[in-house]
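One structure is given here, and the rest of the page talks about it.
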């Protein structure tokens with residue numbers, strides 16, 4: 001590949017934090033409302049989000065296009081790296097390898113997750129109001145639950161460790177002490193955001209979210 | 001006394017060496033068992049193989065070819081992979097190595113023959129980033145500005161780089177699928193940009209790291225380089241510092257047009 005990759009890499013790094021990092025936090029908080037306030041709270045959060053003005057353009061420019069660029073360019077970066085944790089089993093080298101592995105997992109998962117949720121809403125197979133029941137039906141299946149469990153951890157690690165790398169790549173954390181402190185903060189972010197997502201996954205499994213579905217089944221039956 | 005001599009003579013050191021006839025030939029390994037002598041290093045063991053090129057099984061072979069110069073870990077010529085880690089053969093003491101000692105060329109670089117590699121890409125990188133201070137002219141420019149002692153102290157650490165190639169060998173992003181310039185030349189940009197006279201051309205070195213696809217952005221922060229550098233150069237600090245400088249330079253250029 002010939003050309004300038006400095007700007008491509010800088011854009012890739014920036015998009016990972018703004019907007020994608022912010023989006024993943026927003027997503028964790030919205031989902032967490034399912035744990036904190038139950039079904040009502042979750043439906044309100046989703047309604048609030050989808051009531052934002054210019055929602056289509058917000059989704060397009062803040063979520064879809066950044067994910068597309070960050071994901072496709074990221075796959076290329078993962079392909080151009082060697083993996084030598086066997087020879088150099090240092091923590092940072094493991095983080096380097098995991099950053100690329102979790103990136104690929106996240107990319108595949110996000111494509112599938114968008115298909116399973118946003119695209120189904122667009123196709124009219126479910127609605128924003130019923131997305132909670134829709135998730136309940138998905139995560140009550142052990143295979144899907146396992147996939148979500150692993151993929152959520154992978155995605156959040158990729159975000160948290162990517163934030164650490166962002167701080168280095170933009171020259172914000174320069175010395176070893178700054179980088180050590182920032183890695184502790186980023187792993188703290190990994191723990192907190194992971195817990196938010198996992199609690200909401202468990203919340204979606206509760207019977208409360210099954211209600212409407214049984215109602216529908218009842219109607220059909 | 002005689003007993004000690006016999007005991008020493010009986011002790012041997014086993015070597016497994018990865019060899020290669022010529023640049024495009026397939027590599028193969030050969031085993032050697034050579035007599036132990038006190039205070040041996042990998043170079044003196046290779047010299048012993050050169051004197052008596054006989055494999056462990058008794059068959060004759062060609063002497064193993066290697067490069068070395070200073071024998072005190074300052075020239076970088078004898079870098080090779082010893083027991084899985086790239087380092088200088090001259091400072092690799094047999095008494096401190098696990099046996100059999102596995103010796104391989106640093107395969108990030110083109111192999112010329114056996115343990116001899118071509119480190120030309122490192123010297124090309126230094127040319128690319130202009131790792132020098134331009135003072136030549138048609139008349140005497142006079143003395144340059146003074147360098148602060150505090151700055152000189154950390155800059156001196158960066159000047160210990162001997163272009164040995166160990167950091168490139170350890171880096172997972174220096175490979176044939178990527179054109180990343182590697183840690184060493186980035187640290188040299190920091191060194192020459194820190195110099196009060198070198199600083200006058202700082203933008204040229206930064207731009208060399210920004211302007212095509214083999215620049216500083218190839219760093220993926222595995223930080224193997226700083227762990228591997230035989231001279232203890234703070235390579236990752238240099239990379240992050242130059243990340244800061246190139247980022248600033250990027251904004252400065254955008255906003256000046």
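Going from the start of the chain as shown, residues are counted 1 onward.
Glycine is treated like the rest: Cβ placed from N, Cα and C.
These figures come from a predicted structure and were not determined experimentally.
Database features (TrEMBL):
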- A:12-34: transmembrane segment (TRANSMEM)
- A:27, A:70, A:113, A:158: heme binding site (BINDING)
- A:54-76: transmembrane segment (TRANSMEM)
- A:97-115: transmembrane segment (TRANSMEM)
- A:145-173: transmembrane segment (TRANSMEM)
- A:185-204: transmembrane segment (TRANSMEM)
Go through A:113, A:158, the listed binding-site residues, and name the one with the sparsest Cβ surroundings, counting other Cβ atoms within 10 Å.
A:113
With a radius of 8 angstroms around the mean position of the C-beta atoms of A:27, A:70, A:113, A:158, what other residues of the same chain does the heme site pick up?
A:20, A:23, A:24, A:67, A:106, A:109, A:110, A:155, A:159
Which number gives the other C-beta atoms within 10 angstroms of the C-beta of residue A:70 (heme binding site), all protein chains shown included?
22
Can you tell me which parts of the same chain pack against the transmembrane segment (A:145-173), counting only residues 6+ beyond its ends and a CB-CB cutoff under 8 A?
9-10, 13-14, 16-17, 20-21, 24, 28, 95, 98-99, 101-103, 105-106, 109-110, 113, 138-139, 179, 181-183, 186-187, 189-190, 193-194, 197-198, 201, 205
Counting Cβ pairs closer than 8 Å, which of A:12-34, A:54-76, A:97-115 has the most of them with the transmembrane segment (A:185-204)?
A:12-34
Neighbour count, 10 Å Cβ-Cβ cut-off, for residue A:27 (heme binding site): what number do you get?
17
Please report the DSSP secondary structure of residue A:27 (heme binding site), reduced to three states.
helix
Positions on the same chain near the transmembrane segment (A:54-76), where near means CB under 8 A and six or more residues out:
8, 11-12, 15-16, 19-20, 23, 103-104, 106-107, 110-111
